[in-house]
Amino acid sequence: MIIRSSEPEVKIAVDRDPIKTSFEEWARPGHFSRTIAKGNPDTTTWIWNLHADAHDFDSHTGDLEEISRKVFSAHFGQLSIIFLWLSGMYFHGARFSNYEAWLSDPTHIGPSAQVVWPIVGQEILNGDVGGGFRGIQITSGFFQIWRASGITSELQLYCTAIGALIFASLMLFAGWFHYHKAAPKLAWFQDVESMLNHHLAGLLGLGSLSWAGHQIHVSLPINQFLDAGVDPKEIPLPHEFILNRDLLAQLYPSFAEGATPFFTLNWSKYAEFLSFRGGLDPITGGLWLSDIAHHHLAIAILFLIAGHMYRTNWGIGHGLKDILEAHKGPFTGQGHKGLYEILTTSWHAQLSLNLAMLGSTTIVVAHHMYSMPPYPYLATDYGTQLSLFTHHMWIGGFLIVGAAAHAAIFMVRDYDPTTRYNDLLDRVLRHRDAIISHLNWVCIFLGFHSFGLYIHNDTMSALGRPQDMFSDAAIQLQPIFAQWIQNIHAGAPGVTAPGATTSTSLTWGGGELVAIGGKVALLPIPLGTADFLVHHIHAFTIHVTVLILLKGVLFARSSRLIPDKANLGFRFPCDGPGRGGTCQVSAWDHVFLGLFWMYNSISVVIFHFSWKMQSDVWGTISDQGIVTHITGGNFAQSSITINGWLRDFLWAQASQVIQSYGSSLSAYGLFFLGAHFVWAFSLMFLFSGRGYWQELIESIVWAHNKLKVAPATQPRALSIIQGRAVGVTHYLLGGIATTWAFFLARIIAVG
């Protein structure tokens, strides 16, 4: 770290009017790419390439500054779409929903924000969600977020929707402006210290601070009134709380003292709205809103400090290059030397790192949404709980595969082996054979042993020998490490965390269950032999996914089979004619194969979650305090055999979607059917080769010529890689939509 203050330097960071705005240029298909613009637009292949390469900025130009500007501009377009989407969500809440009714009775009324038009009899889909409202039950969690943020009327949702539209148009304008009018120079994109300072202090610091401010001044008082049963129409409007301190002081007396306790360090005065309670609010079943406000204030302070750590114009603070180059251990050669150059000149390397982090974070979010439900009445809305978990797991899986994809693109396009010697990346590449062969051994070990435990149980069960099965009732395989972690956390309050009154999550154990309106919100989750078995399946599928993706990255440039692989590019079908056995070796193919195993991994996780929660957590509680779970605790006995998974999970729980015809859930029945079809359609692309289709196309074209109806654009069979891409897309889309229909029909019917 350097501490010396010199005169601040002023740099010119933008070019004015670098590229003129031309509608004629935009109208020319493929104008952005040399290859496509020169190509032959008379074939369907050209159309496919147009779509495949439209966003592959590397293939349009080799100029890093131009690529950076395109990416930057595209980000604004992406933000515009996000604002447009959000606006649509809020508009639906304002125009087509029962939000105000739900707000008055969230335990008995389901959230709905979509009403189907009465055409061809499809109004059957508008089921009764309670309170006399007929519509489609939604499971996105928007109602819960809106209540937590203090929205009390549909008018407020309208205003927010209009605001989001204004922001969407602003983002579109910014995307055009920062490409055509004031485009940043390459140096601006590479100024990582400035970027870190602004992102940490601005986005995360001030963002969290403003959210904390909103929660304290608007959300908390409004939620206080709602929890007390005050009619939403009687509650003062948000701006009244902000402008009139006396209103807040009536709810939180310390507000009357203003900032005095802050400056006199008498901070405990603020504990009534910046609390540290832990656990769940017994009225709403969500985390305490005052805990959440406290959390965002603390996070804001951390990030505001972090955003002042890096050296920019004033010659004081950390430099990223120095930190990375100092990062060497006794056994790691040059360590991170050269990493700074990689991350400031290869956006693929940068993106890969960010996708890996974001993907992991997204999966962590999935697990926190049920174990620490952040919004009021979220925990008892089982459909939303299941949807949020499933959604965040899928998103996390895709992001992690994306991380491997861009790591491989970096290796092929941006990695320069001549300048890298003995740094960490080089050392990993030099012992890649050891890494991959060991990982392969681990996959084989995990696969045979985890599956073997199930097969043993199926065999013993089939032969009528329950006493010889691995189960909680016979040969126990208790997950002792997981139980140990649970116990540590359950016992933490008063021992390792003396300030806390309760553990971070009820799932650890130790606490009483929380029930809202006769429904279980959360209770301690027991783990047993069944969980031990399925967790080893998780370990197996995750390790295989990693094996495929990591092999793709480490062998992206070369292998014993194809030493010059880097020259063939990121995606290629085979190493040319005359070299048999070299197909499916490109880095792209590893991403393709990795996607299937990612799908396997996430499927097992969401199946496990869905069944475990229905069996051991979700359910109703009687006046006598007796809990009745949805599937009556059958997970521990049934999920220990493959047959049990098929019979008591897939088949038994599919009854709702299969029998949905003629009811308001029938759309899920149709989706279940249609998505199976989309999935099966993918196999047509995955199981047949290019030549088969070219032959077929030629005879179809002959017939068209005979009838003089041949198109001007020549049809061509998909290339091998395009066929695989279309195949994996439909495979995943069909599989995910099938699961979605199965889960939602089930949980809406029984939850």
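Backbone N, Cα and C define each Cβ position, glycine as well.
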Could you tell me which of the ranges 46-70, 196-220, 221-245, 621-645 is annotated in Swiss-Prot as transmembrane segment?
196-220
For the transmembrane segment (434-456), what are the same-chain contacts with Cβ under 8 Å, counting residues 6+ beyond its ends?
428, 469-470, 477, 533, 536-537, 539-540, 543-544, 546-547, 550-551, 554-555, 640-642
Other CB atoms, at most 10 A from the CB of Met684 (chlorophyll a binding site):
13
Segment proximity, the transmembrane segment (292-310) to the transmembrane segment (590-611), 3 or more C-beta pairs under 8 Å:
no
Close approaches to the transmembrane segment (292-310) from elsewhere in its chain (Cβ under 8 angstroms; 6 or more beyond its ends):
192-194, 196-202, 204-209, 211-212, 215-216, 219-220, 273-276, 317-320, 374
If you count CB neighbours within 10 Å, which one among the binding-site residues Tyr692, Trp693 has the smallest count?
Tyr692
Find the member of 71-94, 157-180, 196-220, 725-745 that has more C-beta pairs under 8 Å to the transmembrane segment (665-687) than any other listed stretch.
725-745
Going along the chain, which residues at least six beyond the ends of the transmembrane segment (196-220) come within the CB cut-off of under 8 Å?
148-150, 238, 241-242, 248, 251-252, 273-274, 289-290, 292-293, 296-297, 299-301, 303-304, 306-310, 312, 320
Close in space, distant in sequence - Cys583 ([4Fe-4S] cluster binding site), Cβ under 8 Å, 6 or more apart:
Pro573, Cys574, Ile720
Taking a Cβ cut-off under 8 Å, which residues six or more beyond the ends of the transmembrane segment (725-745) line up next to it in the same chain?
52, 139, 383, 386-387, 390, 394, 592, 595-596, 599, 603, 606, 610, 653-654, 656-657, 660, 665, 668-669, 671-672, 674-686, 718
His676 (chlorophyll a' binding site), number of other Cβ atoms within 10 Å:
15
